[in-house]
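Quick look at what Swiss-Prot lists:
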type	residues	note
ACT_SITE	H345	active site, proton acceptor
ACT_SITE	H454	active site, proton acceptor
ACT_SITE	Y461	active site, proton donor
BINDING	S24, E26, D50, H53, D161	Ca(2+) binding site
SIGNAL	1-14	signal peptide
SITE	R172	site 'Important for catalytic activity against all substrates'
SITE	H344	site 'Important for catalytic activity against dermatan sulfate substrate'
SITE	R514	site 'Transition state stabilizer'
SITE	E628	site 'Important for catalytic activity against all substrates'
Amino acid sequence: MLILSFLCPAFLNAQIVTDERMFSFEEPQLPACITGVQSQLGISGAHYKDGKHSLEWTFEPNGRLELRKDLKFEKKDPTGKDLYLSAFIVWIYNEQPQDAAIEFEFLKDGRKCASFPFGINFKGWRAAWVCYERDMQGTPEEGMNELRIVAPDAKGRLFIDHLITATKVDARQQTADLQVPFVNAGTTNHWLVLYKHSLLKPDIELTPVSDKQRQEMKLLEKRFRDMIYTKGKVTEKEAETIRKKYDLYQITYKDGQVSGVPVFMVRASEAYERMIPDWDKDMLTKMGIEMRAYFDLMKRIAVAYNNSEAGSPIRKEMRRKFLAMYDHITDQGVAYGSCWGNIHHYGYSVRGLYPAYFLMKDVLREEGKLLEAERTLRWYAITNEVYPKPEGNGIDMDSFNTQTTGRIASILMMEDTPEKLQYLKSFSRWIDYGCRPAPGLAGSFKVDGGAFHHRNNYPAYAVGGLDGATNMIYLFSRTSLAVSELAHRTVKDVLLAMRFYCNKLNFPLSMSGRHPDGKGKLVPMHYAIMAIAGTPDGKGDFDKEMASAYLRLVSSDSSSAEQAPEYMPKVSNAQERKIAKRLVENGFRAEPDPQGNLSLGYGCVSVQRRENWSAVARGHSRYLWAAEHYLGHNLYGRYLAHGSLQILTAPPGQTVTPTTSGWQQEGFDWNRIPGVTSIHLPLDLLKANVLNVDTFSGMEEMLYSDEAFAGGLSQGKMNGNFGMKLHEHDKYNGTHRARKSFHFIDGMIVCLGSDIENTNMDYPTETTIFQLAVTDKAAHDYWKNNAGEGKVWMDHLGTGYYVPVAARFEKNFPQYSRMQDTGKETKGDWVSLIIDHGKAPKAGSYEYAILPGTDRKTMTAFAKKPAYSVLQQDRNAHILESPSDRITSYVLFETPQSLLPGGLLQRTDTSCLVMVRKESADKVLLTVAQPDLALYRGPSDEAFDKDGKRMERSIYSRPWIDNESGEIPVTVTLKGRWKVVETPYCKVVSEDKKQTVLRFLCKDGASYEVELEK
């Protein structure tokens, strides 16, 4: 049974959970099943971790505490379907550290089955989560009915609380620390290696600190302080808010011992997942006892202290409150060597810890607590991880997001010693390598501007990671510790790409990860920080491109009233205005809206921009998943990357947002993501069936195709194309296939599909041309009498559509749907234009063109004389030409078996993307791309079940995910003799009057181009 705890003092000390396996010692009498040998046992209120009491155990040398009852141990599921393991969980309090260990023994009818040691060389609370079958010595057995805790060969006293004899837990997350260093020994998860990495040693030698280095340390400290703190005033309202929040924790001292409301990390609730009905992973946060709010308050107090006058009563009060909170949280186990049993993703909970301690460095020094605080920060920031020279480029995006601030704070907390200098050199090198382009699907940044987390381009995680990366690049800029030009330029290119695919600030829907809610945005401040960090080569004090990008982005209402998602870094408007003013005073001006074309091979994304609009295509492949689904996140977005094409637009002079582009969540039919070819399912069937499929992953779904061909080409950064072989995963409708292409030529986007097929006889297959929300009177009036005219359609947002095939218009006022996270019903007024391929189609196809920012007159003229003609549209290739633009666009799904139509390009020796632009009578621009990332070659690495169906497996289980993109040679044969200036990636194989043969070496899904001359 769960005992609810509300945010008021009377409830904050309530026992969290009651269960027969859980001992919290809240009754006045000792439980009858507990006895002692050479021990004194009692219930104590001196220290407590759950409720207000704990078990006090005073022992003689080798004394024993015995608990006799069924321990409820359960073996692991022999079928392998349930991956959880039985764990023993306990919290121990020690007043006097001893360099010794107690032994936990688990017996069945008096016979010892399993055991583990627990070190007691600490003061305060420590926890252990120990899996019986993986972490303990011996062999646990079902029916074990006794727990013994054996004292060391010395007397002492411990307090025990929150003891759970056995409960099934996610076996990935238990964490080793100084007390239980053997737990989960095989893990390499970057959240869980605090103990292992605390043992790392430096490879950079200690050297004396020179005067110049001492000056740089002061500069770094000033820059960091300015980064995390802006001088202000302490208002009476702020002081009163702090007092109220502080009082909730009921911190008191008695006989030199501190106590107060117990504080946990959010993941501690995972102990109860299999113990209580309606378990909520955020229950501790809702109960007001999670440490994120605690550290946020500590930071708030630190800021108030720094904002108050020296010697003032408020300053003295804030100092007292901070030190009391410091003592209490240290006592609660936030200390060197402690991991609370389960610590995964703790970085989000302790974010306020680092700036809070750093801002109170002088106070901690005066109180004699600075060394202890330094060690605490270095432990949780895993600062020793920076010691060894990185073996390769890249680090996890979470490290940039949650560890950079902590690591630099833990280092800058130190006095100016050779050890501090050694840490700074190691840290700047770690940042440098972390910012460089990472291989394969590794985090964080890609050579093409992609920003990776969860093995895909993921802007929602990138905004947090870029906060750390940009701040650290700025911090070290123009010092002897500055990052390399490659590292600096890579992060700059990521930001330039992000401001290209976002419009104006918002992520495209298909690039929103598991948050398709229209709220995710880039962070203009990242551009500001990079602007004042100077140029990548270190020669310029300002970066002009970053400055002008920032001034364009910040001119939007970037801090609007709507609630920003939790994952977005918080930035003050005052800070934005301050840097904007500085840049303008230095002569910088906002850039115009970006124009051109961008292809992200490491995102399976193509973007075309003209005027203020953008068109964003996204697909998926055997390397890059289609959508990420969690329980309660993105329940219906299965088709987000099934060849989608979103038009982001607004009337001239207005800021582009999802709303101005005709999108809202209310009433949106998740089957009809624009551009996709999909089976139109009832929402119950479209809803993700989220599973825990292996030990490498949690409860999540990220499905892959078995096709390598998916991605885009960009010619001269102005035009491009995109192609994909669509093959849905067998988990749902594995017979569904299509060949899809988009051709981006100036202000025209031509969309082609062929070979659409599946065997689903129950529901129709559709290609969605548009689905738009109708939200105001003008839009309702527009659609009242508008049903299109034959091949020409104009929507109410100024986008024109040329549809030479049969299409169906739907006006659903209202249209019902569901929220992506809760599944709650929504409704809104929507219009859709779709191509219906019928049920179980075979050899289905479509053709249409989109002209954003146009008018009906232009569209009518276009329909009479389209600016393109399709030369081939079948399983092998989609080829079209635009005579007025002198462009021929090739999406070659298969190796051509005969001469290609279109003139210049006669054949290629493999599938690829090609674009040819005739620049003059005897000059041609030729662009070639191979969208296959070639992280491995040969057939797709599928595993099949007994029925021959592709099994669902997590991306994290694949051995090739960190491989470099392989080089794929692409040989093209051109009609006639052409002169080519060879490059490292393009060589002439042969040439004569009839033909010229070139070989391109393609990798990274990149586009390679050469100029041909007669």
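Using the three backbone atoms N, Cα and C, a Cβ is placed for every residue, glycine included.
Positions of the features from Swiss-Prot, shown on the structure.
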residue	record	Cβ contacts under 8 Å, 6 or more apart
S24	Ca(2+) binding site	Q15, I16, T18, D50, G51, H53, D161, H162, L163
E26	Ca(2+) binding site	Q15, G51, K52, H53
R172	site 'Important for catalytic activity against all substrates'	N184, T187, N189, H344, T695, G698
H454	active site, proton acceptor	Y461, G513, E628, M702, I955
R514	site 'Transition state stabilizer'	A460, A627, E628, H629, Y630, H633, N634, G637
Which of D50, H53, H344, H345, Y461, the listed recorded positions, has fewest other Cβ atoms within 10 Å: H345
Cβ atoms near D161 (Ca(2+) binding site) (within 10 Å, other residues, all chains): 25
Packing count at E628 (site 'Important for catalytic activity against all substrates') (other Cβ atoms within 10 Å of its Cβ): 24
Secondary-structure category, per DSSP, in which H344 (site 'Important for catalytic activity against dermatan sulfate substrate') falls: coil
Where E628 (site 'Important for catalytic activity against all substrates') falls in three-state DSSP terms: strand
Cβ-based neighbourhood (8 Å from the centroid) of the Ca(2+) site, residues S24, E26, D50, H53, D161 excluded: Q15, F23, F25, Y48, K49, G51, K52, S54, H162
Conformational class of D161 (Ca(2+) binding site) under the three-state DSSP mapping: strand
